[in-house]
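The domain 'PiggyBac transposable element-derived protein' annotation in TrEMBL covers 5-109.
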Amino acid sequence: MPVFDKKLKQGDTDWRNSENLLAIKWKDRRDVVMLTSMHENRMVTLPKINRSTYENVIKPLCVLEYNRQMGAVDRSDMMLSSVDCTRKCLKWYKELFFHSIDITLLNAHAMFSTRHTKKTSFANFHLAVIAQLIERYGIVKSIHCDLGNARLQNRHFPVSVPRKPGSTKVGSRRCWVCSHTKQKQAKRKESSYMCPECDVGLCVVPCFKIYHTEATF
């Protein structure tokens, strides 16, 4: 975006263009800056009267069309709020990724609704897509709790968690005992050691011994 140094009065505009891009700054109650590739630098006179000047309100065409389309944006935001999976604790790129997935599903729901007479809510459509993806691509993994007494009977030895490919950081995994204990409040704790036989991360002391000697912890 170009830098607009010029201080504007209410209703004034300043603009820059480069090939098919138009950057425009318009002074309303506060500065409004927009970048568009589909509008000209054209002002539109509205029937609305400015109470301070008693003249017709004049707005840039791009601002006017943006406001007209915002109703659809508000509606999409309302629909996404029912299935929103983003959290403020996520890193920005993860939040952007999950939001992109939600937008993709919202667009898919819109296309689905135009081709089917039976109406389905976005939330139910969202769940149906998840169920079909799991059914088709889901991988059944062994559950550690189903290992029975194997973890209590076999010989197990701790090894270092392998580093991720291309990473210089020491490998780590979440400790299974710390995160699944029922005797005290469970917590997420990373460990650089694991049991290769059970394929779980474990603190060397005392969780490795607890996991392989106690049926419940």
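Numbers here mean position along the shown chain, with the first residue as 1.
Cβ coordinates come from backbone N, Cα and C, glycine included.
Small disclaimer: the values here were computed from a predicted structure and weren't measured.
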Averaged pLDDT, computed only over the residues in the domain 'PiggyBac transposable element-derived protein' (5-109): 83
Counts by DSSP class (helix H/G/I, strand E/B, coil) across the domain 'PiggyBac transposable element-derived protein' (5-109): 39 helix, 31 strand, 35 coil
